[in-house]
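Reviewing the structure listed below.
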Amino acid sequence: MKIKTDEVTSVLKQEIKNFKKDLQVEEVGTVLEVGDGIARVYGLTNVMSGELVEFQNGVRGQAFNLEENSVGVVIFGDYIKIEEGFSVKRVGKIFEVPVGPELLGRVLNPLGEVIDGKGPLNAKKTRPVESPAPGIAMRKSVHEPMQTGIKAIDAMIPIGRGQRELIIGDRGTGKTSIAIDTIINQKGKGVICVYVAIGQKASTVASTIEMLREKGALEYTIIVSANASEPAPMLYIAPYSGATMAEYFMYEEGKATLVVYDDLSKQAVAYRQMSLLLRRPPGREAYPGDVFYLHSRLLERAAKLDDKFGGGSMTALPIIETQEGEVSAYIPTNVISITDGQIYLQSNLFASGLRPAVDVGISVSRVGSAAQIKAMKKVAGTLKSDLAQFRDLEAFAQLGTELDPVTQAQLDRGYRVLEILKQPNNSPTPVEEQVISIFAVTKGFMDVVPTAKVREFEAFLLKTMREQHPEILEEIRTAKEVKQEAALQKTIKSIVEHFLAKNN
């Protein structure tokens, strides 16, 4: 076959005419200095605040400080491998994380990368980490209960779906335990949970994950972990990543979600470290001036959405660690003013054997009472004030004065109430059983039971109710109120008599 030269020429001319080279213009800067998770970059003149940038070794960062001659970049990842003189290019988008049902049961870092060794994530969608909180028109007032399974909280400091309830207390008072119990208690209720571990030891996070797996709670939970060994920017961004993952289920699937931030004190410390390294002016306790906004923009994302917007909700349980019970420090007062109430745990109550060590006097739920079920409202209505009176009487009795029979009876009942409110870790109680226990103690049925045997009697009472009177429990569970009070009183009275006869 002979090739004609004029044909070759015409084909070549046509190809040359159609040839277009895609020129990609990238704005590239240079690292001037780097250290402690922060880099100062020269040359990115058009970079926008909050925009992602990429270093030549693939590590990403975010433009944080826009200055006259340089840009302060926070580095998400291993900053040790970044050197002076490295090139940095703009990515042209903001920070996003993967979202969707594929994340359930997985352990991720704040960048949305899996760290549990169970294979790739295969998430189909992403959402921006910094997203605005829902507006007033999108919200609905809190009216559905978010049961924690903890008697002291569900009875006296009730939490509703869409609420922000702070858990505050010294180190080792059981703050994380309350949050984990609440997650375990959501089993079978269609609530998606996100647990954000900020600045914790890897071993602590591992044992928490194991506990959730044991209780069958991991299948509806996403774990976001920024360990203590991670650089400050990772600890700073972790809560926002967790909130974004929950927002997907709230907005796009109309589901109820629960997010635990454990704990925001460490996030504030990480943010302070970043701000000081970026040479931002320090304020009170060396925190930057916008540390309030750091937490308010995070916690305002929790809401109960109106039915027009799917009716989903995000309940936030932020945790704050205090030093020596100092609730009036900067970060605790900030978060108390942002949230809809707080559960205050006291170390001396914890040491005295009251667990959970909830200080009912200081603890409050500003919007939760609207979400409490009728049955609980009825039986526990005066419980908080009764306990406050009991504490006053207890202090008075310690003076050694002789007490009249009425005061003594009030004291004795107070001790029995405290026994009922004690609860072991990782064993949340269904709300219908809580109602029975509190009804029995507040109506005086346990006054004849010795204080030392109150918890034994409670176990016997609930076991008998489950086996012989399941219809009463079912009625409370479904109707959410005690309809046949006289019948319930009669039942409990006979169970008390049976217990005393058995133990004498």
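Even glycines carry a Cβ here, placed using N, Cα and C.
These come from Swiss-Prot:
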| type | residues | note |
| --- | --- | --- |
| BINDING | Gly169, Asp170, Arg171, Gly172, Thr173, Gly174, Lys175, Thr176 | ATP binding site |
| SITE | Ser363 | site 'Required for activity' |
> What is the separation, in Å, between the Cα atoms of Gly172 (ATP binding site) and Ser363 (site 'Required for activity')?
Replying inline: 18
>> Tell me the coarse DSSP state (helix, strand, coil) of Thr176 (ATP binding site).
In response: helix
>> Rounded to a whole angstrom, what is the C-alpha distance between Thr173 (ATP binding site) and Ser363 (site 'Required for activity')?
In response: 15
>> Give me the sequence-ordered set of same-chain residues, not including Gly169, Asp170, Arg171, Gly172, Thr173, Gly174, Lys175, Thr176, with a C-beta within 8 angstroms of the centroid of the ATP site's C-beta atoms.
In response: Glu321, Leu345, Ser347, Phe350
> From the Cα of Ser363 (site 'Required for activity') across to the Cα of Lys175 (ATP binding site), what is the distance in angstrom?
Replying inline: 13
> What Cα-Cα separation, expressed in whole Å, is found between Ser363 (site 'Required for activity') and Thr176 (ATP binding site)?
Replying inline: 17
>> So if I measure Cβ to Cβ from Arg171 (ATP binding site) and keep only same-chain residues at least 6 apart in sequence, which ones fall under 8 Å?
In response: Glu321
> Around Ser363 (site 'Required for activity'), how many other CB atoms lie within 10 A of its CB?
Replying inline: 22
> For the binding-site residues Thr173, Thr176, which one has the sparsest Cβ surroundings, going by other Cβ atoms within 10 Å?
Replying inline: Thr176
>> By the count of other Cβ atoms within 10 Å, pick out the sparsest of the binding-site residues Gly169, Gly172, Gly174.
In response: Gly172
>> If I restrict to non-local contacts, at least six residues apart, and a C-beta distance under 8 angstroms, what lies near Asp170 (ATP binding site) in its own chain?
In response: Glu321, Thr322, Gln323, Glu324, Gly325, Leu345, Gln346, Ser347
> Counting across all protein chains shown, how many other Cβ atoms sit within 10 Å of the Cβ of Lys175 (ATP binding site)?
Replying inline: 26
>> On the three-state reduction of DSSP, what should I expect for Gly169 (ATP binding site)?
In response: strand
